[in-house]
């Protein structure tokens, strides 16, 4: 069996390369760096009076130091002339320090007044700018409201016009219909009136004819009755005269009655025929 070769240095070097290639192929999730938020520390707000006092103290110390330096230089020069090198410091007097403080206070008050004036001017300018902005906004709102009102008024006017037009059209249509209906009714009424007039005329003519026929019939009947009565009287007279001819007289009476009845039937038929003629015309 062949022995395996021990892993040399070359093999040891190749392994990490392979691992690095594999790792490079892998996607590494990128985590964004989270920066710690700065916490706002509570700072003491210095008042104007504190600031004024600090400025006055620092300025007084600076003036006192300059005066001390000037005194030291003079003494040094005098001692140098005399061959001595002693340095003597002249203490600053309290009066000078107080004067310097007062001067610094006056300067600070003047500066503070100027600052106050500047701040007040800035505040006024800001207020004026705000007022102007508000006025501009109000003007824009007013213009927008006016435009909306104008648009609404125009729309309402259009609706009114359309409504009026529709109402006028409806009225015209209704009037036209009524006129047409009235005309039709009038024409129908005229036709009906004419028909009624014709019927009345026909009735009147028929009534007149009937009256005339009735009168004629009455006259005829009266004439017949008179004739019958006269004949009866004559017969009675003849009976009285002739006594024996009663049978003949009775026969004659029967014949006369039959003739009269036949005539009456003929007249009734003629009257019925006359009445039927105007009805057929209607």
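Numbers here mean position along the shown chain, with the first residue as 1.
Yeah, the Cβs are placed from backbone N, Cα and C, and that goes for glycine too.
The compositional bias 'Basic residues' feature in Swiss-Prot is assigned to 37-46.
Sequence annotations record features per position, and here Swiss-Prot assigns compositional bias 'Basic and acidic residues' to 81-119 (among others).
Look at Swiss-Prot and you will find 125-138 (among others) tagged as compositional bias 'Acidic residues'. For the compositional bias 'Acidic residues' (125-138), no residue of the chain approaches it from at least six positions outside its boundaries, judged by C-beta separation under 8 angstroms.
The compositional bias 'Basic and acidic residues' annotation in Swiss-Prot covers 139-152 (among others).
Annotated compositional bias 'Basic and acidic residues' per Swiss-Prot: 158-256 (among others), in sequence order.
Residues or ranges marked as compositional bias 'Acidic residues' by Swiss-Prot: 257-270 (among others).
What Swiss-Prot lists as compositional bias 'Basic and acidic residues' is 271-282 (among others).
What Swiss-Prot lists as SUMO2 cross-link is 67 (among others), and the listing cites a large-scale study or a structure entry.
If you look up Swiss-Prot, you'll see 101 marked as SUMO1 cross-link, on the strength of a large-scale study or a structure entry.
Taken from Swiss-Prot, the feature SUMO2 cross-link applies to 101 (among others).
The secondary structure of residue 124 (SUMO2 cross-link), as reduced to three states from DSSP, is helical. Within the same chain, no residue at least 6 positions away in sequence has its Cβ under 8 Å from that of residue 124 (SUMO2 cross-link). Positions annotated as SUMO2 cross-link by Swiss-Prot, on the basis of a large-scale study or a structure entry: 124 (among others).
For residue 31 (phosphothreonine), the count of additional Cβ atoms within 10 Å of its Cβ stands at 6 [all protein chains shown]. Per Swiss-Prot, the feature phosphothreonine maps to 31; the stated evidence is a large-scale study or a structure entry.
The phosphotyrosine annotation in Swiss-Prot covers 76.
The phosphoserine annotation in Swiss-Prot covers 93.
Per Swiss-Prot, region 'Disordered' is recorded for 1-282.
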Structural state census, the compositional bias 'Acidic residues' (257-270) (DSSP three-state): 14 helix, 0 strand, 0 coil
Secondary-structure category, per DSSP, in which residue 31 (phosphothreonine) falls: coil
